[in-house]
Amino acid sequence: MRQKTSSNKKKQKNTNNISLRRKLGLMYKKAILGLKIVLMIFVCLFVFTKYFTSIKTYLITNIYQITTKLGFRLENVIIEGQQNVDELTILKVLNANKRSSIFALKLDEISNNLKKSKWIKEVYVSRRLPNTVYIKLFEREPIAIWQINNQLFLVDEEGYKISKDIQPFSHLLHVVGEGANIYASQLVLELKKYPALLNKTLVAIRVGDRRWDLNLKGNISIKLPEKEFEAALKYIDALNKNNRLFNQNYKALDLRDRNKYYIQKY
């Protein structure tokens with residue numbers, strides 16, 4: 001009987017110990033969960049609100065100072081793809097002193113400010129640790145000078161107005177009229193197949209936002225068809241190559257009807 005009683009007491013004691021461990025384990029898990037929640041709330045308040053502003057500023061400033069001493073400071077700026085954007089403009093947007101912490105640079109802000117330049121279509125900015133900022137520019141390429149409402153603009157292949165400073169690009173084709181900026185890329189692309197003809201073309205006028213008139217050297221006017229004007233350009237180029245365009249006293253060539261061309265002389 002004494003052995004049975006002793007055995008029962010041991011079982012009861014073991015059961016009590018297991019129950020206590022379970023309770024302690026559950027309390028521990030709850031405490032950890034509560035600590036995580038409190039920590040998460042604190043982090044959210046610290047990062048996403050104005051609370052602890054002075055502390056944040058102090059910590060960030062010290063982090064920048066430490067990283068600078070460790071060699072993570074701005075010393076080099078690499079710029080690729082720059083052709084027409086002024087380098088000083090880029091450095092001004094960068095707005096950073098040499099030897100300042102490279103982590104202090106706000107890359108998204110730099111990128112957005114650079115995109116404000118009408119020359120820049122896209123830009124990529126990154127850090128190259130420990131001391132370099134890399135800027136890759138994708139500039140808009142001017143293809144023509146567009147005249148509209150007595151104003152002149154450089155335009156790219158999408159018809160986007162880049163700049164009013166046309167002087168450095170005076171060699172580009174001059175296009176005139178409503179919609180001329182949008183359709184200039186197609187015309188320029190076709191004319192580039194015939195360099196001699198492109199060189200003789202002074203102005204391309206968009207008529208009714210449907211088709212083109214070309215004004216050539218020698219006061220010759222060419223009326224192109226609304227659609228499939230490539231054949232008409234090929235015909236004009238052939239005349240030029242055979243020396244039958246600029247010495248025939250032509251005033252106008254009406255090529256709008258692909259089945260019958262009309263020629264007017266002075």
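Using N, Cα and C of the backbone, Cβ positions are placed for all residues, glycine too.
Per-class residue totals from DSSP over the domain 'POTRA' (72-140), listed helix then strand then coil: 19 helix, 24 strand, 26 coil. What Swiss-Prot lists as domain 'POTRA' is 72-140.
Over the topological domain 'Cytoplasmic' (1-31), the average per-residue pLDDT in this prediction is 58. Annotation source Swiss-Prot lists topological domain 'Cytoplasmic' at 1-31, citing sequence analysis.
Among the features that Swiss-Prot reports, topological domain 'Periplasmic' is placed at 53-266.
The transmembrane segment annotation in Swiss-Prot covers 32-52 and rests on sequence analysis.
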